[in-house]
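Participant: This structure is in structure tokens; I'll ask about it shortly.
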Amino acid sequence: MAQTEVDWDHHIPLPKLAPVKAKITLALVALLCFINSYDGDFVFDDSEAIVNNQDLNPATPLNNIWGNDFWGSNLSSNNSHKSYRPLTVLTFRFNYLMAGGLHPVGFHILNIGLHSLISALMFDMFSILLGGLTYVNRKRLNHVPKASLLAGILFAAHPIHTESVAGIVGRADLLCALFFQLSFLTYCKAFRGGTERENIAIHWIAVSLLLCSAAMLCKEQGITVLGVNAAFDVLLICNVNVFELSHRLFLKKKTADVSELVRTGLLTRLALLSLSGASLLYTRWKIMGTGPPAFTEVDNPASFAENVFLRIVNYNYYYSLNAWLLLCPWWLCFDWSMGCVPLIKSAFDWRMPWLLLLWSFLIGLINQAICSQDSQRRRTLTLGLVLLVVPFLPACNIFFRVGFVVAERVLYLSSAGYCMLLAYALGCCCCRWSKHKVHYNVGKNLADRGNTSAAIKYYREAVRLHPTYVHAMNNLGNILKERNELVEAEDLLAKAVHIQPDFAAAWMNLGIVQNSLRKFEEAEQSYWNAIRFRKKYPDCYYNLGRLYVDLNRHLDALNAWRNATMLKPDHSLAWNNMVILLDNTGNLAQAEVIGREALKLLPKDHTIMFSLANVLGKLQKYEESEGFFLHALRINPNSASCHGNLAVLYHRWGKLELAKKHYELSLKLDPEALGTRDNYDMLQRKLDQLYRTTAP
């Protein structure tokens, strides 16, 4: 069973840079965009957090940092802001020591340097979230070098970062983002040895949790990396289809099979992340001492609105403002309080449509993220939304009241999710518009309509224009295979997997061709390579089973097909082949069990009914066999083989007139069926003999 894969990264009009060069490029973009802030003065909140903060003075005991808030007030004080960010304050103190006093240039240069470093590391984050996590010989492959570079450029240059980078107190957001990235990338390292439970390096997960704690000591938002790590584990490492799992649990009222989740250790890791998050939150609450900070109506007017409806409406309007600032940062402001955003007090306020527009867009995006038939699109959109929304949750007023209306600095991490989604959207558009893709798309459309001769011409042109276009090679190889041009098909597919070693579909298709060429050992190795790069690959297990049948390794074939049906319960061909193989090898009782199991999952599959009916006929369960044959014929009345085998059943059963009827129907549909013709002639002779013996 041949498959094609969607490819869009190489159509993005950017150079494909080596990882080191890409990171240097992103760091330079960030530097060029924000270098003009290096000679700024201490402004706005800098006066309280830096100029008047005695914790920066070397004469102040270093231990004070761990007992005071971000502004230098004791945490136990009722006037404390409760912003506990000792690592950030420690870097301010470092700047003070290096400069020999309060000289803002050093503070600004460190902020710009941090943003450049974060932008460079974003290349690694985006490459994993957009392209997946694949290691070959313990070296991570980047499947989307251009898309991750594009997303990194968008992040490095986004104007929404002005407050975080140009404002010295934005250091908290920068340091939090840095440790956030390191925690995520370290979590990814845990799977360098493989995704099987015994191969996962638990010590890297422990390091990731420590880095999460460090992020939280820079700014409270750092704890949200646990949510991103959990989503990454569920969607990319374990490849869980959340919609399908929820549908099975809540709509069909069936117990979900969690054996695979237990085997990979996902549930254990999620429990560890949850327990760590709860511990960090409890510790943070204890540190606050007197409870959450007290804010005034001036700080956050919506949270003091007279009823719940108005609070919800205004909160959602704030969300729409944040979304607009990400989309179009035309006007930025360091302080949105003091009535800058008037409250919405009526359902007829002119700003209400913005709320509807925001949620309409989000619902559409969520629908694609959950229900799209394209698994890559589902994962990418879901992870993009997670990276967009989860870091913003502490600032959304849902869990506790915050001390601002809109704060551009809290969008520093969330903007990464926005840039990731935008890069994916632009990549898909480039894929559609690319001139190289034109030949590929025309070829694919022609092939889908059955015009393979014309499709070959366009696929060859696509490969000529783009010699490393592995997806065109894969599809061309499939067509040549169907035309029995096996040698050229093998060459094309072998070249495709040489260019892209983790191209699972091409490995599987190469195995199919090698099997047809009777290169059985090479075919088996190709199938296992495909499964190595795509753990849940039911079609590959199906084709592997066919190979084992050719090698008379019947038990291995059954195991391969069983794996296919476990991964894809509605895999009709795998079920049917199991029944047929068991029938052919004389294991009729087991064949009956498998056939009945298959029909519970696929009650309208006439091919499985046909195979099960044959088995039941051999077991002399004639009435049940007849029922399945007739049911199959109601679904597919023009099946010559079904009429023919039903006729054989009636022939054995002694219902000779019915046998004659179905032999004739079978021969009418397929006059060239020699076996049916021989059986019909034999029946005719028997009927003639009966007529002669019963004639008066």
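Quick reminder: no glycine exception, Cβ is built from N, Cα and C everywhere.
Automatic, uncurated: that is what TrEMBL annotation is.
Annotations per TrEMBL:
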DOMAIN    291-363  domain 'DUF1736'
REPEAT    436-469  repeat 'TPR'
REPEAT    470-503  repeat 'TPR'
REPEAT    504-537  repeat 'TPR'
REPEAT    538-571  repeat 'TPR'
REPEAT    606-639  repeat 'TPR'
REPEAT    640-673  repeat 'TPR'
TRANSMEM  112-136  transmembrane segment
TRANSMEM  200-217  transmembrane segment
TRANSMEM  223-243  transmembrane segment
TRANSMEM  315-332  transmembrane segment
TRANSMEM  352-371  transmembrane segment
TRANSMEM  383-404  transmembrane segment
TRANSMEM  410-431  transmembrane segment
Participant: Below 8 angstroms Cβ to Cβ, which residues of this chain, lying six or more residues outside the transmembrane segment (200-217), approach it?
Facilitator: 84-88, 175-176, 178-180, 182-184, 186-187, 189-194, 223, 225-226, 229, 265, 269, 272-273, 276, 280, 284
Participant: Quickly jot the same-chain residues contacting the transmembrane segment (315-332) by Cβ under 8 Å, restricted to those at least six beyond its ends, or write none.
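Facilitator: Cβ under 8 Å, 6 or more out: 158-160, 162-163, 302, 341, 344, 351, 354-355, 357-359, 392, 396-398, 405-406, 408, 411, 414-415, 418.
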Participant: Go through 112-136, 223-243, 352-371, 410-431 and flag the stretch with the largest number of C-beta pairs under 8 Å relative to the transmembrane segment (383-404).
Facilitator: 410-431
Participant: Tally of helix, strand and coil residues over the repeat 'TPR' (436-469) according to DSSP?
Facilitator: 27 helix, 0 strand, 7 coil
Participant: Taking the transmembrane segment (410-431) as reference, which of 112-136, 223-243, 352-371 has the most Cβ pairs under 8 angstroms?
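Facilitator: It is 112-136, which has the most Cβ pairs under 8 Å.
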Participant: If we skip the immediate neighbours and take only residues 6+ beyond the ends of the transmembrane segment (112-136), which ones have a Cβ under 8 Å from one of its Cβ atoms?
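Facilitator: Same-chain contacts beyond the flanks: 9, 19, 22-24, 26-31, 34-35, 37-38, 142-145, 147-149, 151-152, 155-156, 161, 164-165, 171, 174-175, 177-178, 181-182, 184-185, 188, 191-194, 232, 236-237, 379-380, 383-384, 387, 416, 419-420, 423-424, 501-502, 533.
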Participant: Restricting to the same chain and to residues at least six past its boundaries, which positions have a Cβ under 8 Å from a Cβ of the repeat 'TPR' (436-469)?
Facilitator: 4, 7, 10-11, 475-476, 479-480, 482-483, 499
